[in-house]
Amino acid sequence: MGIKKVMVIGAGQMGSGIAQVCAQSGYEVLLNDMNEEALNKGLKNIEKLLTRAVDKERITSEDKENTLSRLTGSTDLSDASDCDLVIEAVVENMDVKTDVFRKLDEITPAHAILASNTSSLPITEIAAATNRPEQVIGMHFMNPVPVMKLVEIIRGLQTSDQTYESIKEMTNQLSKTPVEVNDYPGFVSNRILMPMINEAIYTVYEGVATPEDVDTVMKLGMNHPMGPLTLADFIGLDTCLYIMEVLYEGFGDSKYRPCPLLRKYVKAGWLGKKSGRGFYVYE
Ligand code: NAI
């Protein structure tokens, strides 16, 4: 059965972006958040981004109106009862995610696929909270969703080929590039990115160079669009630490140990851009 109606759960920075691209690609979309204020903020943000796209003549005002007409807000999970696909983008916490998946398993039709946008939690474990592990899969979008072309598609231990093919096809419909990945800590993206960021932090910690100089080396020397410490501040240092812990625990290899300086900053509340201070200071 084809995917026509989609619920996106969590109207934060990722969920609102995912809802936007799904609606722009012709899917009927319910954007759900348990917090009404967060939901309204997410919906407003989508409208703002679409208006900006019209102003820049990337889409027409008719495209904008059509997209918005396919998008509805929801604060009730049971609205997922006629959805073909649910994409979960709530906080990165296993207990919260398994609770959502357990409820979705009861609410959604038997054919529905349940996807998670988790950046580090095992899909196999999330799937085990349901009675349909073969229909559970990871759809890891990148931030900012409307701009970034990649979707890492993570196959849990029991994810079926049919589920994988449906999600791959949908990702293409969203004009994004799917990459198939098996379910191991950090998948591919964060397994490679986070140790690089962690090593950049070690380089500062050991006094080899300043954050500015580390970033300059990677930007000008390796042609990275932004340095690893600037990127870490954007991602959030708490998120970086959390993902390093997942890698360290999952592989049991000391090469993934989080840098003590990263721990110290997180303990101090220096979480990067969102808290006003990380490796850099933000006004
Ligand atoms: P966020 O904090 O901006 O948004 C999360 C939203 O979920 C909030 O609006 C919150 O009210 C809502 N929420 C929490 N529990 C809920 C529940 N039980 N039911 C309904 N809504 C609920 O978080 P963000 O950054 O959008 O991340 C969401 C997910 O996406 C996480 O799993 C994260 O690891 C993943 N991710 C984040 C990326 C990033 O760069 N921020 C990149 C790729 C994945």
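Quick reminder: no glycine exception, Cβ is built from N, Cα and C everywhere.
Nobody curates TrEMBL annotations by hand; they come from automatic prediction.
Annotated NAD(+) binding in TrEMBL involves G10, A11, G12, Q13, M14, G15, D33, E92, K97, N143, K274 plus, out of the candidates S119, S160, S254, the residue S119. In three-state terms derived from DSSP, K97 (NAD(+) binding site) belongs to a helical segment. Only G12, N143 of the binding-site residues listed as G12, K97, N143 bring a Cβ under 6 Å of any atom of ligand 1; the order follows the sequence.
In the three-state DSSP assignment, the secondary structure recorded for H140 (site 'Important for catalytic activity') is strand.
Here the binding-site residues are G10, G12; the one with the fewest Cβ atoms within 10 Å of its Cβ is G12.
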